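What follows is one structure encoded as structure tokens, with my remarks underneath.
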Amino acid sequence: MSHFAYVAASYAAAFGTIAGLILWVWLDGRARRRELDALEAAGIRRRSAGEPQ
Amino acid sequence: MSEPSLAIRKFTDLANPTRFLALSGSLLPWLAAATAVAFAVGLYLSFTTVGDYQQGETVRIMYIHVPAAWLAMMCYSVMAISALGTLVWRHPLADVSARTAAPIGASFTFIALVTGSLWGKPMWGTWWVWDARLTSVFVLFLMYLGLIALNRAMDDPTRAAKASAILILVGFVNIPIIKFSVEWWNTLHQPASVIRLDGPTIDPEFLRPLLVMAVAFTLLFFTLHILAMRNEILRRRIATLRRLAARNAGREPMEGRR
């Protein structure tokens, strides 16, 4: 492998890992917000409901 | 009784998850933008500065390898402070912080290990050696995975928080071992060349992109950590609401019969 290939592989690995991390956090947040919205739509809310989330 | 100081009041204000959500919500766009700018500048510098006279192009691996390794250790330190917050002050957000930092720390450690290996092959002639620095970082990676597993193995967040906090503090002994491994033992890995008492021994040409990338990685860590903490707060809220709904569902028919 050329030196460039090692550099490219390193940046690709770092980019892939970070992209995966960002995607996971983002999808998790979206799923949780949907779940909370579904619960609120079903009339289940916190005692302090009405506060901004 | 005297009024608590402003700093303490700000800290206790943050203990309220609702206030944390509001505060972090207004802070996040700025943090995300700063991260993007820092990465743009850092990556530009990483690929426009000259190569090393001995290492050639592979010196560019340093600009991601070293910040990732620093962040791997900083993330564990953040978790150790959070663990103290759980055990000593019972700060309601301390456990949320420790739990959500673990996967991020594991990712940074993984990047440090992989890029280190990809740098080791052309420069040292080997992908991996079981020397003190590499082994201690590998142990850090395993500890992150162990902490993630332990925390998710227990359903009750309070019990999981206590057990995790104790394990985090026990594992913190590894952080100084990682830092000083290159001085205490004879390793293939080079000794510190940036964070030294007598100042950096690295050329400014390489130090500049390295520091910008370190800032970018740090900003990325805090952006992701705050986002993950918000998700965890929502997750716990949902669990509480579900429990509440289940309890009420069992109660209503009884009341109806009366």
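The backbone N, Cα and C atoms fix where each Cβ goes, and this holds for glycine too.
Here's what TrEMBL has on this protein:
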| type | residues | note |
| --- | --- | --- |
| DOMAIN | B:13-189 | domain 'Cytochrome c assembly protein' |
| TRANSMEM | B:20-47 | transmembrane segment |
| TRANSMEM | B:67-89 | transmembrane segment |
| TRANSMEM | B:101-120 | transmembrane segment |
| TRANSMEM | B:132-151 | transmembrane segment |
| TRANSMEM | B:163-186 | transmembrane segment |
| TRANSMEM | B:206-228 | transmembrane segment |
Practice item. Would you kindly check B:101-120, B:132-151, B:163-186, B:206-228 and say which stretch has the most C-beta pairs under 8 angstroms to the transmembrane segment (B:67-89)? Key: B:163-186
Review point. Any idea what the model's mean pLDDT is for the domain 'Cytochrome c assembly protein' (B:13-189)?
Key: 91
